[in-house]
């Protein structure tokens, strides 16, 4: 390993540690041109009276993930301690929904998957453990010829951190939970290394359809040893087995949207947490990490001294992922 490679890797690792909390969340959704707010997890938990939104609340203020060893836990359903949103977004079957992430780190390559579950009543009071999800959209590996590959998550980033999903025309009308998820695979070559980021939203769907797909309980969607969960992206890949149940016949595997230069307004936090709280501002990195450029942080770089043990683990995983990518770049260049 050359000295320049070593120094680049070390500086990149330090920069990652300094920005360990940079993962994103869905700040809102757009339906027929109307914006509906999501749960702003780095703001609303610290407000005495947060607004009613369609997005489910969560206690994942560190913007962390659900690991494979928690796939049987209710946290996998709609993220950590997920609780239903208070209101519903109205949408016609056959229409598209744009989900707007506030950010997503380029190093966190992986699939984007969408599910629906019929609440059989008001979603604002539904028991999440009773929800049965059917997959309506999935997208995974686009090109695996050069590790770590081009993924659906890269399409999301290229489209201004947004993703579009179509509500199947054939499903019956009713209130549904939309479960949108990115699975980050940068550490998935190791047991318990995949990172699931589920986000949930309440929908009121109007439809002339009649299908009521059976679905799968959220705690049964994945297993820790599924081929698409335990998966090494740091090697040439011919294909990728997208995890979860089979795609609903009325669903789709979307083609990526072309990148756009504009997007609907995304609400930004305007209030800092109370003194003494430690919400963090993400767990990932925001470097250009597409295999063409390497990190070039300015010095000195301070590593936060208030990281939790979970965040320290994330730092280690991020460092390993970055080193593997840099090593792959060196091999390719030689």
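Each Cβ is built from the backbone N, Cα and C atoms, and glycine gets one as well.
Checking the candidates 23, 36 against Swiss-Prot: the one annotated together with 108, 197 at the Cu(2+) site is 23. Swiss-Prot gives the label N-linked glycosylation site to one of 160, 292, namely 160. Secondary structure from DSSP puts residue 108 (Cu(2+) binding site) in coil.
Relative to residue 208 (N-linked glycosylation site), the recorded positions 119, 123, 160, 186, 195, 197 all have Cα atoms farther than 10 Å away. Within 10 Å of the C-beta of residue 78 (disulfide bond) there are 29 other C-beta atoms, taking all protein chains into account. Cα of residue 123 (disulfide bond) to Cα of residue 108 (Cu(2+) binding site): a distance of 31 Å. For the recorded positions 108, 119, 186, 195, a Cα-Cα cutoff of 10 angstroms around residue 78 (disulfide bond) retains nothing.
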